[in-house]
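Report on the following structure.
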Amino acid sequence: MQTPRSWVAGWLFGASVAISFGADLQHPRLADGDGSVAISGEKKQWHAITLTFDGPYAHERDESPNPFADYDLSVTFSHEEHSYTVPGYFAADGHAAETSAQAGTKWRVHFSPPSEGQWSYEVSFLSAPNLIGGEVEGEPVELLHGKSGSFAVGKTDKEFPDFRARGRLAYVGEHYLQFQGDGSYFLKAGADAPETLLAYADFDDTRALNEKKCPVKTWSAHEKDWQEGDPTWQEGKGKGLIGALNYLAGKGCNAFSFLPYNVDGDGNNVWPFVEPRAKFHYDCSKLDQWNVVFSHAQRRGLFLHFKMQETENDDHRLGHNKKDGKVRAALDGGKTGPERRLYCRELIARFGHHLALNWNLGEENTQTTEEQLAMAYYIREVDAYDNHVVLHTYPDQQDKVYRPLLGKEELTGVSLQNSSLLKVHPQVLKWRQQSQKAGHPWVVAFDEPGDAGQGMPADPDYPGMPKDYQGPSIDDCRKYTLWGALMAGGMGVEYYFGYKLPQNDLVCEDWRSRDQSWDYCGYALEFFRQQKFPLVEMSNRNELIGNQKNDNSKYCFAKEGEVYLVYLPKGGKTDLKLAAAEGDFTVTWFNPREGKTGDPAALQLPLTAPDQEDWLAVVRKK
């Protein structure tokens, strides 16, 4: 292993830093490439088109020049309507997922064109010591700098749920993200757990630094869900995790989350580097294998929730109370210096072309407001696609962390956590309304509902589930988390699995442990997809059903005068104020437990549910 770089000066965003480079190159050395350009992938709208350049020979562990920190490959793609400058990366031999190569002459850029027609490209390839630091200008790498070309892009041929059928998911100044292809808006429901999803034995050099607490996964319970024609690597690796994604998508869910970097954290078993803390040297083969998984997820309609760091390694502040300390894994101690800039750039270059994702600045993040904004600003600067940027914090620090960020355009949403399911609805409502008042509407998602010990429980009959379990039930989670978030105008939910229950957040590798709850998620998502409600014109209107306190007794989400959704967690009756509405209305009852919708009937008030279970009334103007 190489001697790590020594830091001579600290980094404050915008200030200078001195770095001592080693002179070592890995040997033996091979010749540089010939400067050729290969274009691969389906040349269709929204599909990933890859440009692979045959450039300078390099090794992952080279110190000077370092292929990650000392080179800047970017390609500008131009169309009569658009221009995008997309970052690239060192790709070893160009087949590293299969070969586990650490060295080679291949450099790569991924592009997902938003339009049909003729596209041109021009290459910028620069080099200088510590170019990633942003304080020096690079010199052109003559082998590739200035190369140009063009290609034609046709119409996509994909169908739902493949995201390529719908286009890129974008923030459009509303409380929901919108697909730029078909114009539909996105609601999500899926898995927040396990945060250690990428701690997978089939990925190169993936191992546990604390095997007893958090071993690596095989995802063997889902190998049966892998299907012929699905991707693998290295003669059949990957079937467990690919199968798990198939299972989740097959239940009708559309999102999952993961940590790309958890060294010194709870899991301590995921890192994108060649060694756990080798922050300037990235593992090309491992990251290519991650991309096989992410690409399959997007084909199956699964949103990628990148939780970029966690509370234990986001800065030098220790724990919930942010005590001063020293965390070896922290990138620049929390500031946006060379380590963090490179980390963000590598993730964006390798995975930012995917169509439906968000960059979450950190789980239970403890960086300062200034540090959070600096990181978000840099992501915005590098990510040509302007993907969704959110932030997660402790349950009791929402006001402290989020209020200073209201109105800041760097952030397009929040990723909420709480310690009680009963707080989901009012908290989503609060931050949706507060961001609206600040003039920059946030997309609000509930990504970690419930207390740390329980969260979303396993199904009652799942092995290991306590027979005397007294915590929130799966019915409570459906009512107050899933529907509580949706009826407040939230983007949706991801479920956390508490550490006291089977298949918890750190060790889970069997999503069937929550099989029934995934059904409830799928029913809700399919209902909204079929009904095509005018979501961006709707808002929470609990006062129309007598719930001025915005408690969990009943919820109303409406476009007044046109459509009203009334959710009754315990059935029963409720009034609905239609005084401002003209015309006749119908009511249709939806069963959230079975995903069934009844026939419309003439509206009669008060609304009366079929029984004492939870029901959703859809009241529409004729």
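Just so you know, glycine gets a Cβ as well, placed from its N, Cα and C.
Remember, predicted model here, so these are calculated numbers, not experimental data.
The domain 'DUF5060' annotation in TrEMBL covers 44-125. As a whole-number mean, the pLDDT of the domain 'DUF5060' (44-125) in this prediction is 98.
Assigned with DSSP, the residues of the domain 'Putative collagen-binding' (543-598) fall into helix, strand and coil as follows: 3 helix, 22 strand, 31 coil. Residues annotated as domain 'Putative collagen-binding' in TrEMBL: 543-598.
The residues of the domain 'DUF5060' (44-125), classed with DSSP into helix (H, G, I), strand (E, B) and coil, number 4 helix, 45 strand, 33 coil.
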